[in-house]
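The Cu(2+) binding site annotation in Swiss-Prot covers HIS20, HIS105, TYR194 and is backed by similarity to another entry. Residues or ranges marked as GPI-anchor amidated serine by Swiss-Prot on the basis of sequence analysis: SER293. The feature region 'Disordered' is assigned by Swiss-Prot to 278-306. The signal peptide annotation in Swiss-Prot covers 1-21, and the record cites sequence analysis as its basis.
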Amino acid sequence: MFRAQSFLPVLALVLRVAAHGYVDQVTIGGQVYTGYQPYQDPYESPVPQRIERAIPGNGPVEDLTLLDIQCNGSGGSGTKPAALIASAAAGDEIAFHWTTWPSSHVGPVITYMGKVPSNTDITSYSPTGSDVIWFKIDEAGYENGKWAATDIMSAQNSTWTVTIPKALAPGQYIVRHEIIALHQAETYPGAQFYPDCFQVQVTGPGTETPTSQALVSFPGGYTPTTPGITFNVYSGSITSYPIPGPPVWTSNEAFSGGSSSSAAASSTAVASSTADSSSSAAATQSSSAAPSSSAIGTSTASSAAASGTAIVDANTCMNSA
């Protein structure tokens with residue numbers, strides 16, 4: 001005889017999985033990479049190599065004091081470096097495609113980058129909570145009655161696009177992209193953080209490294225009293241939202257060192273060839289649409305040879321999906 005009680009835990013799990021999200025695909029400099037698949041990759045043999053650091057699932061981080069707030073994770077230990085690294089030039093776009101995102105999970109979309117220290121390889125580097133390396137390159141919150149994480153991103157096919165600052169010096173960087181869901185953020189803890197981290201080798205003629213005023217650590221970049229961490233989205237009189245964290249950095253000259261603004265979405269709509277994630281993935285997996293290996297610059301290739309890092313093109317990642 002079927003027992004309703006035995007079905008309830010399964011139903012609860014299904015609802016939990018359906019109610020959250022993560023980045024399942026990223027387009028960097030026009031090349032498409034499969035993100036880490038938390039419900040598939042750990043069970044593959046061999047485990048697929050990715051440019052994204054592993055995440056435990058699609059659930060949130062809620063404790064701002066844990067290392068998990070940095071790049072996701074569970075139990076406070078954070079996450080481990082990925083095996084691969086993508087290549088991009090300063091000024092290139094990065095488009096993050098999210099799995100289905102619930103309309104109730106309103107909030108900001110924020111992207112940071114963190115430079116890997118000299119003489120350190122990104123595939124073996126895990127920032128500590130005291131490493132002040134993270135600078136914000138993009139943010140969007142609430143404007144004209146629209147939330148970035150729901151209204152705006154939904155109109156962009158669940159995709160958010162940012163630009164690597166043109167002034168940025170070459171090197172290895174961790175790109176930290178997150179949504180902060182505010183549907184339970186009236187008190188702390190309550191806000192839900194969904195960070196995903198990707199490994200990128202930046203090339204180009206840029207010469208600038210953000211000054212200390214632009215940098216934060218994770219944990220540390222947000223606290224329970226940081227504006228925007230507690231926020232009542234049901235007040236009925238919202239006109240603006242204070243986005244947590246430092247101001248956006250595009251260059252040291254442009255960086256003002258002031259407080260973060262609740263700017264309109266600074267992302268751009270993804271081109272139709274990449275906005276439709278399913279068609280992009282299919283095109284990338286086909287041999288006829290495989291990206292050219294010439295997309296990896298000479299300087300990047302020589303850097304990879306020196307460090308032993310596996311610089312990959314999109315075809316490598318997509319074929320391991």
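Don't overthink the numbers, they just go from 1 along the chain as shown.
Cβ atoms here come from the backbone N, Cα and C positions, even for glycine.
Sequence-distant neighbours of HIS20 (Cu(2+) binding site) (same chain, 6+ apart, CB under 8 A from its CB) are GLY57, ASN58, GLY59, PRO60, PRO102, HIS105, GLN192, TYR194.
Under the DSSP three-state reduction, TYR194 (Cu(2+) binding site) is assigned to strand. Its Cβ placed at the centre, TYR194 (Cu(2+) binding site) has 25 other Cβ atoms within 10 Å. DSSP assigns HIS20 (Cu(2+) binding site) to coil in the three-state reduction, outside any helix or strand.
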